[in-house]
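Chemist: Per Swiss-Prot, the features are:
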TRANSIT   1-42  transit peptide
REPEAT    142-172  repeat 'MTERF 1'
REPEAT    177-204  repeat 'MTERF 2'
REPEAT    209-239  repeat 'MTERF 3'
REPEAT    245-270  repeat 'MTERF 4'
REPEAT    290-318  repeat 'MTERF 5'
REGION    310-327  region 'Dimerization with NSUN4'
REGION    321-346  region 'Disordered'
COMPBIAS  322-346  compositional bias 'Acidic residues'
């Protein structure tokens, strides 16, 4: 009986402490604390000498003098009330650490997450990893994603399939690296559009497999061109300017617009500074190199190649536009006449 009496105060203190901790963390229980008779009544215990003694109800302030028991109980309460951590909330942190390990700067990492906010962090990490496997450094990868944010919406499998297809065209890791840097849209284009361009280069322009590889490596934007316009550009170079397949490939001829090509070529032709080679590839005058025709600024072209003024070239371009417009209208009227004749025959 005496031992039971000694255990009662300890039990009473623990009960009071538990209630006090809960009241502090849960405000709406304070009113219940005031109304609870079990914590406000006096306890009667039996001391060691056998006489009864009354103990007042133990308040939280009194129990604060028991540091060891208080610390143990508070730790238990905190462990029970500790919220669960969602594993998905930790994924951005893991992705950030992975990007840092790959060599990305903090500013680039922040920008990567803002390029496509709706993209899952793990998907972003997968695309970045695939691009790095192509041989790119973090800086070119960041620039490619910034230039074409749609890359982040691809799956890793789609990236692998497109990379595999481009490798079949002869674009290995080194060449594929340049293609992605210059024209990242290659990875998000429809497969049929790429096939059409490759078909024109092979069947209409009669480029060899090696020529096609070199064209795509040197001028990746060719893949974005309309196949019919690409064919016309080749025909103009081959028949009007007398260029060979090798000339077209080595000078990156197909990357220039047909408007720029015609303006500068025809202008030189009318000035007597360019002549179409004969079947043997010979001319009566030395033609300027394609580099000095197309790969220079307009000011340098006029000063060094055409030896003409800006005003004269501007007037020529306006006249050339009128000629092409009239030619187009004439061609359209001829087609209408042919259609009418066919209808009359039917």
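Cβ coordinates come from backbone N, Cα and C, glycine included.
Not measured: the values here are computed from a predicted model.
Structural setting of the listed features?
Modeler: Residues of the same chain lying 6 or more positions beyond the ends of the repeat 'MTERF 1' (142-172) and with a Cβ under 8 Å from any Cβ of it are 104, 108, 111-112, 115-116, 119, 123-124, 126-131, 134, 136, 179-181, 184-188, 191, 194, 198, 209-210, 212-213, 216-217.
Residue counts for the repeat 'MTERF 2' (177-204) under DSSP, helix first, then strand, then coil, are 24 helix, 0 strand, 4 coil.
Tertiary neighbourhood of the repeat 'MTERF 3' (209-239): same-chain residues 166, 169-171, 175, 178-179, 182-183, 185-186, 189, 193-194, 196-202, 245-249, 252-255, 258, 261-262, selected by CB-CB distance under 8 Å and a gap of 6+ residues from either end.
Taking the repeat 'MTERF 4' (245-270) as a whole, pLDDT averages 97 in the prediction.
Applying DSSP to the region 'Dimerization with NSUN4' (310-327) sorts its residues as follows: 18 helix, 0 strand, 0 coil.
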Chemist: Apart from its near flanks, which chain residues at least 6 from the ends of the repeat 'MTERF 5' (290-318) lie with a Cβ under 8 angstroms of it?
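Modeler: Residues 243, 247, 251-253, 256, 260-261, 263-265, 267-268, 270-271, 273-274 contact the repeat 'MTERF 5' (290-318) from elsewhere in the chain.
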